[in-house]
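First the structure, in the form of structure tokens, and then the observations on it.
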Amino acid sequence: MKRIFSGIQPSGTLTLGNYLGAMTHFVDLQEDHESFFCIVDQHAITVPQDRLALRKNILSLAALYIAVGLDPKKATLFIQSEVPAHAQLGWMMQCVSYIGELERMTQFKDKSDGQEGVSSALLTYPPLMAADILLYNTDIVPVGEDQKQHLELTRNLAERFNHKYNDIFTIPEVRIPKQGARIMSLTDPLKKMSKSNPNPKSYISMLDEPAVIKKKIKSAVTDSDPEIRYDEKEKPGISNLLTIYSLCSRKTIEELTKDYQGIGYGQFKEDTADAVIARLKPIQDRYHELIDSEELHSILDEGKDHAHHTAQKMLKKAEKAMGLGRKR
Ligand code: AQP
């Protein structure tokens, strides 16, 4: 059985982008893959986080993973900082990374742009991400489009390590969904939807109340031409809403464009909001059952033990290959 690994940062409440671009695919993949899903809290602290909010977001993310349908009997769910092998191999991967290649990462450029006092960890986060993936002999990494560049770097670092030290790492493949790989911001459809965007109108949180979802979608930026058709260049706002509507209703974009011929944006937005609300409702209900439960903690405890056991084997191999510690 092939192995998959993917992580999500607890850097805010998850957005519809995280759900449609990543999480929903995890649920399908767990059926026929050995799966590891990680709450990458060490990635989240590469930018400032409020300590209490971070703690809350970690548990909230764990509850969401289960609420969307992740089955702890089939998949391992754990918190990155609870498995020390991640930081340990992360350091070793930094030692095979070049500053130049890290500086070329688009996400580093975006997140550091105009900021004062950028942490060095923002630059070195991709080698930690490489470690996350390589520790589990991962075959496939399901992610949204924005992570493609980091995945390419992971493959390069793994190949470099294998070539320089010993051939121990599996070279992972990236799996990007055909539709929904880049859900765009509602206020600026040329930018991706992001949970850490300071403007909450730009994203739909997976825990937003129905009235809030309606309001956000109604005020989503579109264009003045009334035709509803998919055209990312000319009509990025409407194309984004069509993608969201299609994925939430499981109707194709072709079907939707036919259904909405001659119908105005107002009705289209109303129905898009209803489709999103209907899709999120069972997830939100399950989330509220789980969030304060002991069940959630036992799932994370079991996940930690299993992940630790698995990761430790690869960590030892990597240490041996690099000559760290003692030979006994
Ligand atoms: N807008 C998006 N459309 C499709 N997929 C997306 N993902 C993120 N945004 C979109 C995918 O969600 C997974 C988890 O992402 P992450 O939390 O680890 O970090 P990110 O990619 O940086 O996501 P955010 O929401 O933008 O977080 P912040 O704001 O903290 O940086 C990944 O598979 C990602 O591709």
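The backbone N, Cα and C atoms fix where each Cβ goes, glycine too.
With GLN9, PRO10, SER11, GLY17, ASN18, GLY144, GLU145, ASP146, LYS192, MET193, SER194, LYS195, SER196 listed by TrEMBL as binding ATP, the candidate from ILE183, ILE204 annotated for that site turns out to be ILE183.
For the motif ''HIGH' region' (10-18), DSSP puts the residue distribution at 3 helix, 1 strand, 5 coil.
Long-range neighbours of the motif ''HIGH' region' (10-18) within the same chain, counting only residues 6 or more positions beyond its ends whose Cβ lies under 8 Å from a Cβ of the stretch, are 39-41, 43-44, 47, 49, 54, 57-58, 60-61, 64, 144, 182-183, 192-196, 203-207, 244, 276, 280. Farthest C-alpha pair in the ATP-binding residues GLN9, PRO10, SER11, GLY17, ASN18, GLY144, GLU145, ASP146, ILE183, LYS192, MET193, SER194, LYS195, SER196: 19 Å apart. Ranking the binding-site residues ASP132, GLU145 by C-beta neighbours within 10 Å puts ASP132 at the top.
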